[in-house]
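These notes are about the structure you will find just below.
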């Protein structure tokens with residue numbers, strides 16, 4: 001029997017890098033609401049008392065960057081300088097310019113179907129049958145821990161919790177199936193007046209136990225709750241935050257490969273984002289159809305060219321048909337040209353802000369999580 005350990009981490013919506021991601025996607029959504037075919041590449045930097053929003057935008061829309069930024073920070077929960085950041089008093093700097101016409105001429109076409117890719121690059125999609133959402137268990141439960149932290153914090157149940165938090169889970173695998181949890185790490189920001197003992201006890205009872213299945217926990221499972229003992233200074237006061245710095249948290253927790261491109265702040269003409277979503281859609285439908293237990297797809301593009309330069313699939317020995325057959329099925333049932341996948345997943349609309357925390361995949365509310373092609377894939381064999 002083959003055994004191994006695998007670890008993934010997640011971070012909360014109050015983590016500095018995630019604040020940046022959420023601001024970038026809030027700007028994107030506000031623009032897409034007015035101008036669905038806008039070109040947006042929005043980057044955000046946050047540090048003590050300051051938010052810098054920059055990038056390139058081509059649009060007919062007008063949005064109030066300062067108001068959007070403050071509202072986003074407020075919704076996350078940074079409402080007082082005692083927390084290390086205050087939505088009402090932080091400086092908001094706007095450094096947004098226009099998209100280069102050299103890029104634009106390679107993307108826009110008279111025929112929408114021939115729209116070229118916004119850049120070269122390679123993107124991966126992945127799915128696995130090890131959880132109900134067809135995602136790897138380590139990243140799925142790491143996300144659920146920090147989501148629970150936010151839920152408990154916002155409900156007021158533990159009113160001393162603060163927005164910044166991180167989680168990490170090490171799973172035990174036997175024959176590529178998760179069978180238990182070896183270690184759990186959860187660090188959460190808290191107010192100055194609460195003791196470390198209180199934090200550890202409450203986090204275990206209110207966050208960890210309600211989230212992690214008891215059958216995966218045993219006497220050998222190790223728990224590290226605020227292992228440094230104190231986490232009062234957090235958020236942008238503790239670390240600066242930058243859009244696109246949590247690409248493994250955003251995807252599969254390291255279980256699958258990554259092409260390197262970040263998602264947040266990018267409109268769907270950027271294949272870094274849209275093709276990664278389409279890759280997840282393809283891989284999930286292949287697994288949902290029972291054609292493989294695990295599936296990873298790679299798609300690549302050239303700037304200004306509509307057709308993908310390559311499509312390849314790896315099922316890690318779990319496929320019921322060979323990978324060449326799967327690639328042929330993908331070409332038959334999925335349009336992976338930039339505009340084709342935008343239409344397939346209905347991406348030209350303001351749906352991106354919620355993706356910017358707790359992972360872009362494994363959440364049923366997003367269109368790339370649908371398994372509506374599974375039956376057709378199965379029937380094609």
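The backbone N, Cα and C atoms fix where each Cβ goes, glycine too.
Feature annotation from Swiss-Prot assigns ATP binding site to 15, 164, 165, 166, 230, 231, 239, 245, 246, 262, 266; the stated evidence is sequence analysis. As annotated by Swiss-Prot, Mg(2+) binding site applies to 17, with the evidence given as sequence analysis. The K(+) binding site feature in Swiss-Prot is assigned to 43; the stated evidence is sequence analysis. The L-methionine binding site annotation in Swiss-Prot covers 56, 99, 239, 270. According to Swiss-Prot, the region 'Flexible loop' annotation covers 99-109, on the basis of sequence analysis.
Shown here: features listed in Swiss-Prot, placed on the structure.
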| residue | record | Cβ within 10 Å |
| --- | --- | --- |
| 15 | ATP binding site | 28 |
| 17 | Mg(2+) binding site | 22 |
| 43 | K(+) binding site | 22 |
| 56 | L-methionine binding site | 16 |
| 165 | ATP binding site | 28 |
| 230 | ATP binding site | 12 |
| 239 | ATP binding site | 17 |
| 246 | ATP binding site | 25 |
| 266 | ATP binding site | 27 |
| 270 | L-methionine binding site | 23 |
Coarse DSSP state, helix versus strand versus coil, of residue 43 (K(+) binding site): strand
Residue 266 (ATP binding site) - helix vs strand vs coil (DSSP): strand
Spatial neighbour of residue 246 (ATP binding site) that is closest, considering only the binding-site residues 17, 43, 56, 270 and their CA atoms: 17
DSSP three-state assignment for residue 56 (L-methionine binding site): strand
Candidates 15, 43, 230, 239, namely the binding-site residues, that fall within 10 Å of residue 270 (L-methionine binding site) by Cα distance: none
Listed binding-site residues among 230, 239, 266 whose Cα sits within 10 Å of the residue listed as 'Mg(2+) binding site': 239
Rounded Cα-Cα span from residue 165 (ATP binding site) to residue 43 (K(+) binding site), Å: 22
Rounded to the nearest Å - Cα separation of residue 56 (L-methionine binding site) and residue 239 (ATP binding site): 25
For ATP: widest Cα to Cα gap among 15, 164, 165, 166, 230, 231, 239, 245, 246, 262, 266 in Å: 36
